[in-house]
Amino acid sequence: MSAPHDGYGQFPPQQPTEQPPYPDQGYANPADAPPPAAGAPHAADHGKKKKRAYAAGAFDVAAGGNAAVGGQVQGGGQFGAPAPGYGGYPQPEAQPATYGAQPAAYGAQPQQPYGMPAPAPAVGYQAPEPYYPSAGAPPVPGDVAGLASGMSAMNLGPGAHQQPQQVPAQGRVGPLNQLYPTDLLNQPFNVSELDLPPPPIILPPNSSVTPSPDANCLPKYVRSTVNAIPTTHSLLKKSKLPLALIIQPYAALHDLDDPVPVVQDQVISRCRRCRSYINPFVTFLDHGHRWRCNMCNLTNDVPQAFDWDAAAQKTVDRWQRHELNHAVVEFVAPQEYMVRPPQPLVYLFLFDVSYAAVSTGLLATSARTILDSLNRIPNADRRTRLGFIAVDSSLHYFSVPKDSDENGETSMLVVSDLDEPFLPVPQELLVPLTECRNSIENFLTKLPEMFANNQNNGSCMGSALRAGHKLISPLGGKIVVLSASLPNVGYGKLEMREDKKLLGTSKENGLLQTANSFYKSFAVECSKNQVSIDMFLFSSQYQDVASLSNLPRYTGGQTWFYPGWNAGRPEDAIKFASEFSDFLSSEIGLEAVLRVRATTGLRMSTFYGNFFNRSSDLCAFPAFPRDQCYVVEVAIDENLTKNVVCLQTAVLHTTCNGERRIRVMTLALPTTTNLADVYASADQCAITTYYSHKAVEKALGSGLDSARDMLQSKVTELLQTFRKELAGGSMGGGLQFPSNLRGLPALFLGLIKHVGLRKSAQIPSDLRSAALCMLSTLPLPLLMQYIYPRLYSLHDMPDNAGYPDPETSQIVLPPPLNLSSERFVPFGLYLIDDGQTQFLWVGRDAVPQLLVDVFGVTDRAQLRVGKGALPELDNDFNERVRAVALKSRDHKAKGVGSIIVPHLYIVREDGEPSLKLWAQTLLVEDRADQGMSYQQWMGTLREKVST
């Protein structure tokens, strides 16, 4: 019998006080509390309290798990009422909230600093004059659209012969970010803080040549670990904070999803000495005929064509040029930027056709997905080429005829000599997609049948890679490996070395390192010839991901791992097909190099990511992916004398449509001599990303223990430094830290307890190695979720959650909860999502009506647990739950490109123990396996800091 709709449970009414409260925070003033999370309704919005279904009885909206972060505050106050701003910063009226007045780089809703009203649109620097008119000139409107009339009044419009002398940037007016210490023990971290934008970048007035709101780089492209740069190496060293850039040049898989301004006229003005590109932070001199480089101070001539439109044969308004208004621009490169004609897009597929690959359905699913994705593979210039090699203990080449060849049949050529595999007919092995479309379709349709009865267990993948490299190295391109077995014959032969007795011991470290030097040396050789490798690995047995992942690591590729994959499970087949199709459709760059230049005194010292470091400051990418980020550590070699420093990232690449381009991203940051300014401007998410890369490097070099110890010692060092230098040395029984870094201990704990790094005797080395690949490549928003997953309470969602927001049309998510079992109630329904896997947790006392509405069953025993999908039922709550689960995996809303489609696992609290345990390992703040709880962690840190 279903329960009536005004209170679905058959239990006595649930009192709000009976639910596990947020750990006592001891806020004397509600203003000191953490902010409401994205999408959380303000207390005042509740009006009359609505009764919720699905609880053990009816209860208030503000009760339950979500009340802790987004509900009403006792006494009628609101979180952050007379609020300090970001992490406690009060925001002066003239002070910008964040670069470019954009919402947080990720998060479902634009986030304001804690409890503050929406600020006026910011422009990336403080209170600029609308323009810099010469004496007696009329003022100019502040918006870019209004510049034209003002320019003509100053004789600066089209046809003007003189540019004005630019007024130099003035000395800093007003303070940088204020430092607001907080007690980590009494005012603990709240997960919603991870959605806040970084501390604002506050530049002196007139720092940029135009008042464009896009003059400074958005954090989704480039973030600094500190948004105020110490002027000396000694001050940076004293702070113990890292100085590094987190760089994600592309925020989407396709240009249409994240367009940037393109300079088409091929007029590229660069500094003669340091080769920086002209940008919004240069200075014009000599009536606009010359410009001073903001990196090295050299004076350069402005190109004559800078103010001339060659196509229209008329002068143009320089102040409208993209490179003076936008921190992120893309230049179409002229001939001198090309060593050879732009390479075409080339995909060479290496299919594992051994018994393991055929029996799991990998070969059939791969071939079908490529067939279905032929229209998605970029081919606008009609030069894209494809090639196919099948691999077991021999190499099977396929010569695909052109469609115009009437009697053409795809022929297979088998080569068994693995020592020096020759190329039978190279010109027919890489064929143009446009000219051979029908033949390729026929071949892919027949391919699974050719090997349907193959019993061969051999895999000569190393030899296949050498043959593939030989085939495509004259052109360059991508080798895509689809393998379900360990390479066990020929070059790069690997042994089964997994030993469960070694897991969790110091000897485990050897399993994470390469077993055969072939993989690194071959990868470097590939990089030199513009060959990139992507690995799609599917084995249910040991596959040595540690060794194979070297191939993508040094060639700008990625390792995708599907443990225990089988096409017989629809969820497995759908996930891979979706991800592989998006992978093929991605508008990658080719033959790319990345370089970061900076103001004199700064030097790029260390680079992290999947590429080959060709020289001290040049990173080489045979292919440039759109779903990875890179970390560059910055050293201060000389004292910085300027108020503002700039760091400019340039990516020279060939688009997959055959155009040579340079993407330039310029970030301007203020300098300071004050340690408090450095701490107040520190970005906890960027710092965590930097240390994630450092921890992976440490794990692969010195072992997992060293990586975990390094993370603990670093966070301890920061707490000690803050106590000694900025908290007066006194702790008063608490643990002082800046409010903008309040999440750092929780994020570091998440890293230490992550599947890639945690101490455990239960984690297969392949799983660990794949996790380390993710920890060192994921874009920052996805990395934060991977380290500290999202937890949503669904049974008591706010009334607007799961519906589109009226203004943005985006699905509203419930406020996220901290990762602790204290958040859970036995009758609850929760979503846990780390970006790779989603768990739908069903409480042991979930009421029948909840089960009916969400799953279409009346009894928990009927619930199909494990990997699955939510049924589509014709009721409002089912639609909302599905909408939340789908929105939680929305990469575009987070400002990133990604192909990942997380699996969904349905977990019953009283169901299968192993599944329940796996889900619980994501509850970072709980004690699990050999990892400590958040309370124990904070106690440990306090002891270390006070000794």
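Glycine residues also receive a Cβ, built from the backbone N, Cα and C atoms like all the rest.
Look at C293 (Zn(2+) binding site): DSSP puts it in coil. Note: C293 (Zn(2+) binding site) has non-local neighbours C271, R273, C274, S276, V282, T299, N300, i.e. same-chain residues 6+ apart with C-beta under 8 A of its own C-beta. Here Swiss-Prot flags C271, C274, C293, C296 as Zn(2+) binding site, drawing on similarity to another entry.
As annotated by Swiss-Prot, compositional bias 'Pro residues' applies to 13-23.
For 1-51, the entry in Swiss-Prot reads region 'Disordered'.
Look at Swiss-Prot and you will find 271-296 tagged as region 'Zinc finger-like'.
Within 8 A of the CB centroid of the Zn(2+) site residues C271, C274, C293, C296, the other residues of that chain are R272, R273, R275, S276, N294, M295, N297, L298, N300, R597. Within 10 Å of the C-beta atom of C296 (Zn(2+) binding site) sit 16 other C-beta atoms, taking all shown protein chains into account. Model confidence over the region 'Zinc finger-like' (271-296) is summarised by a mean pLDDT of 97. Most other Cβ atoms within 10 A: among the binding-site residues C271, C274, that distinction falls to C271.
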